[in-house]
Amino acid sequence: MAREDEECIVDRRPREEGEDTPSTNGGRQDNELALPSGGCCMPTSTCHRFQALVFMCLLGFGSYFCYDNPGALQSVFKSQLDLSATQFTLIYSIYSWPNVVLCFLGGFLIDRLFGIRLGTIIYMLILLVGQLIFASGALLDTFWLMILGRFIFGIGAESLAVAQNSYAVLWFKGKELNMVFGLQLSVARFGSTVNFWVMQPIYNYVSEFYHGYRALGVVLLLATLTCVMSLICALVLGWMDKRAERIMQRNNNPSGEIPKLTDIFTFKAPYWMVSIICVAYYVAIFPFIALGQKFFVDRFGYTEAQANTVDSLVYLIAAVSSPIFGFIIDKLGRNVTWVMAATITTIGAHALLTFTQVTPYVGMIIMGLSYSMLAASLWPLVALIIPEYQLGTAYGFCQSVQNLGLAVITIVAGIIADQSGNDHTWVQLFFMGWLTIALIATSVIWGYDRRHRGNLNMSPAQRATYVNPVNYQNFE
């Protein structure tokens with residue numbers, strides 16, 4: 001039985017005519033037991049919410065750590081498993097293609113069937129099983145089993161990212177949401193970075209006891225422990241959220257509406273513009289980094305090691321600056337303005353790298369800061385546009401179109417780069433063209449929001465007093 005000071009008990013029985021209405025004291029009725037505002041055990045306290053944030057961020061650590069295992073051990077994969085370059089790249093592409101559809105369905109299932117707590121645990125288990133199968137394939141030197149494992153791993157990982165975003169909105173909407181998205185990005189990139197730091201030394205150590213592909217399989221099984229850690233975080237966070245729901249008598253769907261797949265067709269223009277930005281901006285970052293080594297070698301005469309160093313700056317800067325930008329945006333608001341500024345400065349960074357002889361460190365630092373700025377300001381916009389009971393569907397669709405865009409545009413960018421040889425001007429113009437599309441989409445959001453007097457580009461103080469009849473979706 002719950003402690004009394006953890007319950008918010010309200011007498012909700014109908015009152016008889018003439019019955020006295022309970023008096024209020026400091027805005028509280030006499031028959032209502034107020035929630036204590038302090039104490040790290042209370043869901044309403046900042047301390048408790050940030051305890052939950054730790055587990056929220058670590059949900060994705062195992063996913064990002066294991067996703068880049070092949071990249072950290074590329075030479076080992078090719079030599080010990082006798083893989084061609086095509087087979088090696090298949091390990092990555094098999095992860096993305098299924099999520100063009102399955103990520104959207106995963107978000108919908110969170111809204112309609114599983115709920116956020118059960119959905120998170122289910123997707124984490126799918127991810128864990130996929131990584132175990134992948135590691136077993138390496139241990140048995142069975143390539144098709146490895147591909148099957150990566151396929152299953154991808155289904156769980158991308159849907160888990162949707163659940164992670166939904167958790168962030170549920171606990172931090174209207175408070176520190178921008179900073180929380182920044183922290184999640186930071187921890188995710190840190191997971192990838194730690195993978196590149198430790199996997200080769202671990203493999204070197206394990207190779208003293210096992211040899212050939214068996215050593216690789218054992219190392220991948222050890223990497224699976226990070227997914228077990230993330231699963232434990234999912235269980236703890238689920239317990240914390242269940243407790244918070246009971247204590248706060250939380251209702252995420254007061255209207256009682258049932259989410260449907262067709263809800264996606266009712267979303268208004270700002271949401272679709274956010275989806276376009278998700279594709280148009282990110283395809284100018286990730287494919288550029290994937291092709292970056294050759295660009296810096298050809299354009300600036302760097303060695304491969306020097307090129308890798310400058311190419312990694314975007315992720316390194318993002319890991320540090322994302323929560324900082326999130327904190328600033330939480331204080332200042334104006335999310336659409338920040339998205340526009342990030343897009344413009346990213347175009348400037350690409351222009352510096354393409355048309356000037358300024359050291360590429362300048363352009364990459366600007367790109368890293370811009371990427372952090374956009375991630376911290378763009379994703380929270382979805383929570384301002386879409387009702388909470390549809391957020392899983394909304395975030396899932398964004399992830400789906402992003403996966404589709406990255407899968408297709410990376411191939412197209414590679415074709416342009418191959419045909420251009422050592423001249424990278426055309427592929428850079430290709431990236432800047434996509435950024436221009438992102439800028440146009442941002443301008444549409446700004447104009448639509450201004451015309452309909454929405455709250456997307458307001459300061460926190462203005463949002464606190466903003467009166468919206470039901471939801472932003474109701475604007476015509």
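Along the chain as shown, the residues are counted starting at 1.
A Cβ is built for glycine as well, from the same backbone N, Cα and C atoms used for every other residue.
According to TrEMBL, the features are:
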| type | residues | note |
| --- | --- | --- |
| COMPBIAS | 1-16 | compositional bias 'Basic and acidic residues' |
| DOMAIN | 52-453 | domain 'Major facilitator superfamily (MFS) profile' |
| REGION | 1-31 | region 'Disordered' |
| TRANSMEM | 52-70 | transmembrane segment |
| TRANSMEM | 90-110 | transmembrane segment |
| TRANSMEM | 122-145 | transmembrane segment |
| TRANSMEM | 151-172 | transmembrane segment |
| TRANSMEM | 179-198 | transmembrane segment |
| TRANSMEM | 218-240 | transmembrane segment |
| TRANSMEM | 269-292 | transmembrane segment |
| TRANSMEM | 312-329 | transmembrane segment |
| TRANSMEM | 336-355 | transmembrane segment |
| TRANSMEM | 361-382 | transmembrane segment |
| TRANSMEM | 394-417 | transmembrane segment |
| TRANSMEM | 429-448 | transmembrane segment |
Give, as a single whole number between 0 and 100, the mean pLDDT over the domain 'Major facilitator superfamily (MFS) profile' (52-453).
87
Best-contacting stretch, by C-beta pairs under 8 Å, relative to the transmembrane segment (312-329) and drawn from 122-145, 151-172, 218-240, 269-292, 361-382:
361-382
Is it true that the transmembrane segment (179-198) and the transmembrane segment (90-110) have 3 or more CB pairs under 8 Å, sequence gap of 6 or more?
no
Taking pairs 6 or more apart in sequence, does the count of Cβ pairs under 8 Å between the transmembrane segment (151-172) and the transmembrane segment (269-292) hit 3 or more?
no
Of the stretches 52-70, 90-110, 122-145, 336-355, 361-382, which racks up the most C-beta pairs under 8 Å with the transmembrane segment (429-448)?
336-355
Taking residues 6+ outside the transmembrane segment (361-382), which of them lie with a CB under 8 Å of any CB in it?
165, 169, 177-179, 181-182, 185, 270-271, 274, 277-278, 281, 285, 310-311, 313-318, 321-326, 329, 335-336, 338-339, 341-343, 345-346, 348-350, 352-353, 391, 394-395, 398, 445, 456
Answer yes if the transmembrane segment (52-70) and the transmembrane segment (122-145) have at least three CB pairs under 8 Å among residue pairs 6 or more apart in sequence, and no otherwise.
yes
Take the transmembrane segment (394-417) and find every residue of the same chain, 6 or more past its ends, with a Cβ under 8 Å from one of its Cβ atoms.
93, 96-97, 99-108, 110, 158-159, 161-162, 165-166, 264, 267, 271, 274-275, 278-280, 282-283, 286-288, 290-291, 294, 382, 385-386, 424, 426-427, 430-431, 434
Which residues of the same chain, at least 6 past either end of the transmembrane segment (269-292), have a Cβ under 8 Å from a Cβ in it?
307, 310-311, 314-315, 339, 342-343, 346, 350, 367, 371, 374, 378, 381-382, 385-386, 394, 397-398, 401-402, 404-406, 409-410, 413-414, 417, 427, 431-432, 434-435, 437-438, 441-442, 444-445, 448-449, 454, 456, 472
